[in-house]
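I have placed the structure first, in the form of structure tokens, so that the comments after it can refer back to it.
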């Protein structure tokens, strides 16, 4: 049945005595809704995201929805004057007042790529899709579906503009880290205790293991409406920061152990004082850097929410903007300081490590008190530790390459190629994760083409995630050209910019990001199908793979350049 407004009206009755034989006076209800301009204004100002497939977010308690909006506001979400698109589907509705579950069928989506989300502002990523559902007090269930023209989706240009500024900011942060590493590689601690080079990718990878995971997790919480309440928001923030400090301390210690083992295997020599220095430096660096970056990240995400910018586009690259620089500077400073105290004040190094390790129980208690992080505290160690091991293998490649005087020029470019690849794939993983949180439940995927995840499906499909993969891949070449030229202008490094070097370097960078985006498409959906949160599981693996691929491809590139005789510059001098 269709009314004068072009809405399709479906009436289901529960057979209650007050249902009036199954007929409802829709004229009065629609007129009341259409006259409520004040609620319309409020609804357009408040960032709200509705998720129809999570029934617990739609239970009615004392006439008020758990989302914080009344039933009238929920019903009024079909605003014809704003020409918003509503996708028609049937789902099971739960009546909290009588416990009656109506007949239902599985969700049918019109188009996998047509689901959008936003915070109600024009500057946000897309427009909110508020589904209609009205549950009357007498047990009637009525569904109103409005058919209106489609709202234009986020274009590739708008997406690129939102990503570009934080991407460049993060890129210049990695360039700064590369130049710092190029300087500190000549410090005494880096020359005498070469295992510190193995620590570099593992500790810089903490931004992928922890900072980007935190950014993606909080971005998803913002986009699905879990941070609308101030109490809930601060519970999430405090719990996640405490969890991150626990993970940073443990991962920092394990990274030092991995560096000691990987350094001892090829040389066959073991020094106890060097091992203590590595453990103390790694734990202290991980703790301090993680705390500073976590505070910055919370500010970025809260600010993004208030300004209407999609945090998925900006949070993860900003998480790495100064992360590499801060982490590397702290590592170099602490390592050199502890190394200078080895002979005269030998007890300082173990005391530093014991102090930061002793703080771990405090952070565990805080994180365990918050339900949002209690689960991750018990089950979120596998990806973090595995990612640390993968990054440490990349560090072993870096340590071996730097030991060759002909390939010392690799140092300044390692944080750049690793950081850029990790930033781009983290953006994609965060966007896919948010999409899945909005349009399906863990363990189930939205309707989409079946089969294996081959590259053509990742980059040339019709969905919004395919579009973002194209945009991110197109940013690789211009971004790296800017960063290469910046390094050249700063007269940093040991490598001149020749045409052959630029071509080989860009080929390795594009291959790295192409592979990472392809893997991300499969990995995020894989963890979601297994019922695991992709924000906590996929990003550590992806950024660690970015470190390993970036370091390996860069080492191969320098070997190739040396073999073909590209020595007109000062490669390896």
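Even glycines carry a Cβ here, placed using N, Cα and C.
Note that the structure is predicted; figures quoted are calculated from it, not measured.
What Swiss-Prot lists as topological domain 'Extracellular' is 1-162 (among others).
The feature phosphoserine is assigned by Swiss-Prot to 136 (among others).
According to Swiss-Prot, the feature phosphoserine maps to 137 (among others).
For 163-183 (among others), the entry in Swiss-Prot reads transmembrane segment.
Under the heading topological domain 'Cytoplasmic', Swiss-Prot lists 184-195 (among others), citing experimental evidence as support. For the topological domain 'Cytoplasmic' (184-195), same-chain residues at least 6 beyond its ends with a Cβ under 8 Å from one of its own Cβ atoms are 259-260, 262-263, 274, 277-278, 328, 332, 335-336, 339, 399, 402-403, 408, 411.
Positions annotated as transmembrane segment by Swiss-Prot, on the basis of sequence analysis: 196-216 (among others).
The topological domain 'Extracellular' annotation in Swiss-Prot covers 217-245 (among others) and rests on experimental evidence.
Residues of the same chain lying 6 or more positions beyond the ends of the transmembrane segment (246-266) and with a Cβ under 8 Å from any Cβ of it are 194-196, 198-199, 202-203, 206, 209-210, 274-275, 278-279, 281-287, 289-291, 353, 356-357, 359-360, 363-364, 367, 377, 380-381, 384-385, 388-389, 391-393, 395-396, 399-400. Marked as transmembrane segment by Swiss-Prot: 246-266 (among others).
Sequence-distant contacts of the topological domain 'Cytoplasmic' (267-282), counting only residues of its own chain at least 6 positions beyond either end whose CB sits under 8 Å from a CB of the stretch, comprise 189, 193, 195-196, 199, 202-203, 252-253, 255-257, 259-260, 331, 334-335, 338-339, 342, 346, 349-350, 352-353. Feature annotation from Swiss-Prot assigns topological domain 'Cytoplasmic' to 267-282 (among others); the stated evidence is experimental evidence.
What Swiss-Prot records for 283-303 (among others) is transmembrane segment, and it gives sequence analysis as the kind of evidence.
The average pLDDT the prediction assigns to the topological domain 'Extracellular' (304-313) is 76. As annotated by Swiss-Prot, topological domain 'Extracellular' applies to 304-313 (among others), with the evidence given as experimental evidence.
The transmembrane segment feature in Swiss-Prot is assigned to 314-334 (among others); the stated evidence is sequence analysis.
If one looks beyond the topological domain 'Cytoplasmic' (335-347) by at least 6 residues along the same chain, the residues whose Cβ comes under 8 Å of a Cβ in the stretch are 184, 187-190, 192-193, 196, 273, 277, 280-281. Annotation source Swiss-Prot lists topological domain 'Cytoplasmic' at 335-347 (among others).
Swiss-Prot lists 348-368 (among others) with the feature transmembrane segment. Listed as Cβ neighbours of the transmembrane segment (348-368) (distance under 8 Å, sequence separation of 6 or more from its ends, same chain) are residues 238-239, 242-243, 245-246, 249-250, 253, 273, 276-277, 279-280, 283-284, 287, 334, 338, 341-342, 374, 377.
When Cβ-Cβ distances below 8 Å are used as the criterion, the topological domain 'Extracellular' (369-376) is approached by residues 235-236, 238-240, 242-243, 533, 536 of the same chain, each at least six residues removed from its ends. What Swiss-Prot records for 369-376 (among others) is topological domain 'Extracellular'.
The feature transmembrane segment is assigned by Swiss-Prot to 377-397 (among others), with sequence analysis given as support.
Using a Cβ-Cβ cut-off under 8 Å and counting only residues 6 or more beyond its ends in the same chain, the transmembrane segment (499-519) has close neighbours at 413, 417, 420-421, 424-425, 428, 453, 455, 458-459, 469, 472-473, 476-477, 480-481, 484, 542, 545-546, 549-550, 553-554, 556-557, 560-561, 564, 566, 569, 571. If you count C-beta pairs under 8 angstroms between the transmembrane segment (163-183) and each of 196-216, 283-303, 470-490, the highest count goes to 470-490. Note: the topological domain 'Cytoplasmic' (335-347) comprises 6 helix, 0 strand, 7 coil (DSSP; helix = H, G, I, strand = E, B).
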